[in-house]
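Trainee: Before I ask anything, here is the structure I am working with.
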Amino acid sequence: MVLPTVLILLLSWAAGLGGQYGNPLNKYIRHYEGLSYNVDSLHQKHQRAKRAVSHEDQFLLLDFHAHGRQFNLRMKRDTSLFSDEFKVETSNKVLDYDTSHIYTGHIYGEEGSFSHGSVVDGRFEGFIQTRGGTFYIEPAERYIKDRILPFHSVIYHEDDINYPHKYGPQGGCADHSVFERMRKYQMTGVEEGTRAHSEEHAASMGPELLRKKRTTLAERNTCQLYIQTDHLFFKYYGTREAVIAQISSHVKAIDTIYQTTDFSGIRNISFMVKRIRINTTSDEKDPTNPFRFPNIGVEKFLELNSEQNHDDYCLAYVFTDRDFDDGVLGLAWVGAPSGSSGGICEKSKLYSDGKKKSLNTGIITVQNYGSHVPPKVSHITFAHEVGHNFGSPHDSGTECTPGESKNLGQKENGNYIMYARATSGDKLNNNKFSLCSIRNISQVLEKKRNNCFVESGQPICGNGMVEQGEECDCGYSDQCKDECCFDANQPEGKKCKLKPGKQCSPSQGPCCTAQCAFKSKSEKCRDDSDCAKEGICNGFTALCPASDPKPNFTDCNRHTQVCINGQCAGSICEKYDLEECTCASSDGKDDKELCHVCCMKKMAPSTCASTGSLQWNKQFNGRTITLQPGSPCNDFRGYCDVFMRCRLVDADGPLARLKKAIFSPQLYENIAEWIVAHWWAVLLMGIALIMLMAGFIKICSVHTPSSNPKLPPPKPLPGTLKRRRPPQPIQQPPRQRPRESYQMGHMRR
């Protein structure tokens, strides 16, 4: 009995030692453990991965033990968060910055795990998602100052984040009165004529245009960001690398949330940083720095960001380390599909205060009531504020606020991202959008994403195309009919992978059966074309092998061209050692020949003639070959229509055609001929016009005033309203009455 008691006491003491005796880091984090792995070794691994040429050296491995488990991180440089034109601006310098210290990976051997962070001076900072929740790693000196510690970093679990009760009236977001003032201001934007007309035209097209947009913009799913940090943010984190690591961590966090959300058929919404502006401590006194003042309210801080022109970006945010009133952690303009300005892709325009502003903006602070909030809190805040930009107001109603429900089952799942007050972040719904938010956001995305969203250039699991890093891709769970492949709704490490024991997937290519096996060598996988033979499966791959080309100079494209090396690329003239030319009317050719394929002898333009001419009868046997509709004709001065007529293109445009129509001599000749032929009709029209004018003068003359006093006065027009002067009251002298009778009369009134 004594031994178990001793063991329990030892385990309790060890647990307290690992968690720094159970002491919280600050009022937000109630439990942590220290990390003391070899920073020199990790720094060397980082330098090796940075210079890596071989595939294996590109991976960064980090192993450590914490919170009663082993972490074996396998990470690789993350380039998906920064655009090809990524720039870092600091103190009037623009740099092509190296982001090789940003990593993304997973825990080796743990399915569905995910990690993201940075390696600066041999220390990893970031977050690790596991089956048991998310862990956060930060430098120890960020929380524990002026002490010698046996560890250099701290790690804590998301469940150990303590959200204080006093979190502002709106839980980190501004109250309703602020949003109401912002909404009224957004309504005062003056739309530029061209953009307003294009938006009205798009709206008039209705659902048909939206369907076309959804098809053509399937890959335009990336919102490019411009992020600035003020001098207070830089002062807290200390270095440029640490600041960029924080930005990367925030963008990756919201990227994970938005990519996994289906916005009414719009999927894989992602984010990419295009430009970063870092205001260092030296910029605190710079008169050109709008954020240099220490005491700025949250609304004014957002306004300073909005006064800059952000037309080149989807969204523009400023990160700061300020303690705003009422515990506000973020503020952003709410987007709308139409009717008001603000949100994603909004362009700079003039507003009621006479200033031009960009309302595709927001702000985030990492300080709340004198303490710095954990990354988990600011990540959720960032996702919440971007949700406003995307068009979602705060959640309301029983459907979208289950945390307020009296049903314990619904209440246990918590509220969604766009809930007005603070969420703990550890409930099932805290990292998801409600149906209300999804409906609002999808409407804004349908209307606005074509204005500024770009193609990500990154592999997308769920788009039906097998790309780098994917074994297969059968789409999402509602689309995937494939028994061989895990759909895109599966967790990381599992989605777009072959199921165990399956040889292939039909999504890989046509040489895989629905039973997940390769087709035999004799099965056809591609029909023959003008210039290539049919494709035949090889029996050991799902891809259809390249087809053998047909012989060169085989006729193709309706006998107007010939095959060259398997491609329909040569002119039919080349088959007979001739060159193709253009029959032009200036050559005296018949207009009917302008849409014929014409050939000439090499280096002899004077021999240019139609394939149906006697000149080339020997080669083409009198067969006339016509150009395809839409082909240029008459020496590129027109195009062939479906009737093989050469339609000339008027380079002067519609105004010139209108001028020609009005002032054409032929027009006046035709009018003169008609008058001669129908002189009687012209005479009748002249008489009718004279009678009409006479009647008009006669009718109106009786109502017209005259200066001749002998004429009767004009008659008023029927229906004319006359203003009657009210009768003047007759003034009577007041009569003297006894006081009593006056009072009684006054009471009777």
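Note: Cβ is positioned from N, Cα and C throughout, glycine not excepted.
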Trainee: Would you please say which range out of 109-116, 341-348, 549-556, 709-716 has the annotation motif 'SH3-binding' in Swiss-Prot?
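Mentor: Within the set 109-116, 341-348, 549-556, 709-716, Swiss-Prot attaches motif 'SH3-binding' to 709-716.
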Trainee: The Zn(2+) site in Swiss-Prot includes His384, His388, His394. Which of Cys173, Cys608, Cys633, Cys640 is also listed there?
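Mentor: According to Swiss-Prot, the candidate sharing the Zn(2+) site with His384, His388, His394 is Cys173.
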Trainee: For Cys436, what is the disulfide-bonded cysteine listed in Swiss-Prot, choosing from Cys400, Cys452, Cys461?
Mentor: Cys400
Trainee: Of the listed cysteines Cys485, Cys496, Cys504, which one does Swiss-Prot record as disulfide-linked to Cys461?
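Mentor: When Swiss-Prot is consulted, Cys461 turns out to be bridged to Cys496.
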Trainee: For His384, His388, His394, listed as binding-site residues, tell me which one has the smallest number of other Cβ atoms within 10 Å.
Mentor: His394
Trainee: Would you mind reading off the Cα separation of Asn440 (N-linked glycosylation site) from His394 (Zn(2+) binding site), to the nearest angstrom?
Mentor: 11
Trainee: Tell me the Cβ neighbour count for Asn440 (N-linked glycosylation site), meaning other Cβ atoms within 10 Å of its Cβ, over all protein chains shown.
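Mentor: Looking across every protein chain shown, the total is 24.
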Trainee: I need the nearest neighbour of Asn279 (N-linked glycosylation site) among the recorded positions Cys173, Asn268, His394, Asn552, using C-alpha distances.
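Mentor: When the Cα distances are compared, Cys173 comes out closest.
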Trainee: Of Asn268, Asn279, Asn552, which of the glycosylation sites has the most Cβ neighbours inside 10 Å?
Mentor: Asn279
Trainee: Just the number: how many Å between the Cα atoms of Cys173 (Zn(2+) binding site) and Asn268 (N-linked glycosylation site)?
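Mentor: Cα-Cα, rounded: 27 Å.
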